[in-house]
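All remarks here apply to the structure that follows.
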């Protein structure tokens, strides 16, 4: 029993009711979208969380990645990052830990926050393989599927699984003249596995078995883009699209099987290719929810990649991406700090709101309207309440105050609004 | 003798040579664009600065606004802001001071930095009127034109003059149901003047006289958008477009007269209306360089408006805006600090680069290529050198280092690039 199987039967679940209410859309319409696979509600049957809908006609959602690395392990800090991410509006959190006791970290995060939690199980498989055999490359099917089953039982709500990294797509990759080969960690593990062992990707080879596990717990599969380009120079190349075509085929198998599916996308995309990327995914993946990583629109924003990603994410959302993975200022440099997580979430929330406004989402427009009237009325309290980070806005305003309480210190008593309002009445 | 009159005569000036070289374009082609008014080089004959070209086929330029307000005056700080803005890549600086000794501040800024300086003379006129008569509204033609002439002599390179705020456009504004009436300071002064005195805007009424002054010093006029909407809710309304039509007419008069002209644009524009705004301006203003203020794409980013503006600016630049006025995190809240100025410039530089990459600008693409190869080669020094703010990027990387010198602490020895490169050779 999954959301999609229920929806196909015509049943409106409790989760669907909550999502319909939060999004201000009709329950029956939502049910139809879920039945068709246009919307997913990632929620493991073993976990009690606030249901979040992702997909067609819903507000653009934001994910925050956190987690340890082999270089830096601090569980408390990761839990704090998860809390900060949710505080500033992340709709979901992915635990991408690769250092320390992964199960313990996962559980701590799942206890700390009440949003859907995602993972990339191949990371844990790689870690186990390295510890057991000394090398990631010695990963095997058993390790991979045991990890997936174990995480499923623990209550993970959605899993990124790079099922489209196959002999065929890796072949296309080898023929390409990409500058940066593979920049996805999961994609790299599987590409290396396929080439080294000359074997098919276990996740692809045993896709039906994988679907059985996911279905049992109603885990939403996030079909990972392991071959996404890692540079503007490489964007939208043949290897990326080959993988996307495979993911499109797998989406249909997920839907038939009764597993909720979304598809991941790039990455590094210049503004002029974002629309094509979104339209192509929506077409070949039959309107599956699209989960984009950024995209960042230039590679020279090192230290400010949250801004490069907000540009790409806003545009992607406008063209139809449903789910934006945040990028923090620390991207390409180091693990994010708590402040980085905060800035990453806020930048991505701005992008999501901008996309929703542009798409004409009623709730997003309502927020803009309230802000416009708060400004008209010089109601600063209301403005702070409506702002994504009202705390910071208030602090900033108070740092250099204006003598005129209605104005701010940019214009003081030359405030345009105050000057002209009496003449326009 | 102005750049446009010389270009019309077929002469390639020293300034054109410098611009052509910096932009990597043909001198003769640039001359033709300047003759037609598609490109401007704002440079007062009384000031010796590095020539900067703005317009067709050139890289997107970035302006930083600084200046005092009645609430806060500190000349040293404003000079420091100008320097920081230029350090992080601002192509021009506008001094929007309205508090303290304006002439002294202007001179200090012009001495401190070697980029074109812009002003909004009506601010000084308003300040003088207030000091002399007690009220801004008592401004008169004499004050306005004396200020313009004085600033021209001082060496100001470009001036924002709100010549399109006229009886006709204010009439259209009055008939509209805008939530936020007028948010441009210059626009507000002139709107109030027109309504209170029932007189035409002196800048419009005496446009030929204005052009004579500007021509004498080869000051580029930036035709201000005094009636730009101040909220997403009000975007792209009839009052804005009425003013734009008037500005389009004035552009032609500038060109005939031999004065370089650009046109200012919004402001607050949702993503879905940015393309229309740019194409409309380019059409009705006959390809005059377009100078946009942001645009910000949502009103709820209080405290982070530099990000909302980077989204809008990148998109505007992609569709053809030539010149992006930065927005700092302090927008709508208070005067910007030095840190705000830095963040505003960097966010806008990211937007400009993203736009130039998307438009296929050769120099912008070259930068992306160099960054991709620096990453391929794990050459961190090169990456820091290519980054907009390499200093910050280096500091961040060193804060949480990886044990593997080639990697960073996000993945450590699970670095995708390092894992897979030997298999893809």
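Placed from the backbone N, Cα and C atoms, the Cβ positions cover glycine too.
TrEMBL labels come from automatic prediction, so no person has curated them.
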Q. Since TrEMBL lists A:65, A:94, A:162, A:184, A:185, A:186, A:225, A:226, A:227, A:228, A:264, A:291 for substrate, which candidate among A:123, A:319 does it give for that site as well?
A. A:123
Q: Would you identify the secondary structure of residue A:186 (substrate binding site) according to DSSP, in three states?
A: helix
**Q.** Pairwise Cα distance for residue A:184 (substrate binding site)/residue A:268 (Zn(2+) binding site) [Å, integer]
**A.** 12
(Q) Going by DSSP, is residue A:268 (Zn(2+) binding site) sitting in a helix, a strand, or coil? (A) strand
Q) Where's the emptiest Cβ shell within 10 Å among the binding-site residues A:186, A:226? A) A:186
Q | Distance from residue A:228 (substrate binding site) back to residue A:268 (Zn(2+) binding site), taken between C-alpha atoms, in Å | A | 8
Q.
Quick check: in three-state DSSP terms, what is residue A:123 (substrate binding site)?
A. helix
Q: In whole Å, note down how far the CA of residue A:332 (Zn(2+) binding site) lies from the CA of residue A:123 (substrate binding site).
A: 18
Q | Chain B contacts among the binding-site residues A:184, A:268, A:332, A:411 (Cβ under 8 Å) | A | A:184, A:332, A:411
(Q) Given the binding-site residues A:332, A:408, A:411, find the one whose Cα is closest in space to the Cα of residue A:226 (substrate binding site). (A) A:332
Q. Using DSSP and three states only, what is residue A:411 ([4Fe-4S] cluster binding site)?
A. coil
